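Copied over from TrEMBL, here are the features:
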type	residues	note
DOMAIN	15-234	domain 'Protein-glutamine gamma-glutamyltransferase TgpA N-terminal'
TRANSMEM	21-49	transmembrane segment
TRANSMEM	55-73	transmembrane segment
TRANSMEM	128-147	transmembrane segment
TRANSMEM	168-184	transmembrane segment
Amino acid sequence: MTEPALPISPASRGWVLATSWLALAPLLLQLPGLLATTIAVAAVLVGVLSWRGTVMAPVRVLLVIAMLAAVYWQIGMRFGRDTGCAVLAAMLAIKASELRTLRDARSLLGFALFAPFAAFLLDQGPTTMGLALLAVVSALLSMQRLADEEHRTRTPALRLQLRGIGKLVAIGVPLALATFWLLPRLSSPLWGVPERALSRPGLSDNMSPGEWIDLMADDSPALRVQFTGKAPPPQ
């Protein structure tokens, strides 16, 4: 027999919701402004609805349709990292509609950790790094809190929780580095998506300095020319 699902306490619910919003932050910074604002507002509204009670299944279906429509409206049907990260952010924004039990909270935290790592596919700047680290630490604190709540133990002070997380990180980092350096890796990924959508042939009317650098570093053919006669000498 399966154990009954344990409801989540209001305090732990607040931690989990705050962690999901924090995990969204570095990803939203890489999306178009209007789409990022729409997803952020949806995340807050869904969090408020889930706090007040169970979100019905028809409402969740409408939320999924609305989020996908917003992504399509802003990005279109392009298949690439931009679209994938936008869909990930949209789904994370409405994932809190299923938050009722401790199991749901763990599922939300696990899904939320994909967002900061996906943000590194689009940007590797210090802002993204800082927000991603905050999201990971918050997720670990929330998971520790859920474990204490499940076993009905008293949650220690925040300073002691951070010390415990530091010990876990100190154990995990050497193992991760050893795995990275010692175990063989495939020369190419098992799966992947195209790079971010960039202007390839020719120049646009409006281009930022970063787009100039990306265009200069691109070695793909800009055009192909076929001569009916003898090809002219290169100049």
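Counting starts with 1 at the first residue shown.
The backbone N, Cα and C atoms fix where each Cβ goes, and this holds for glycine too.
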Rank 21-49, 55-73, 168-184 by Cβ pairs under 8 Å to the transmembrane segment (128-147) and hand me the top one. 21-49
Within the domain 'Protein-glutamine gamma-glutamyltransferase TgpA N-terminal' (15-234) only, compute the mean pLDDT. 80
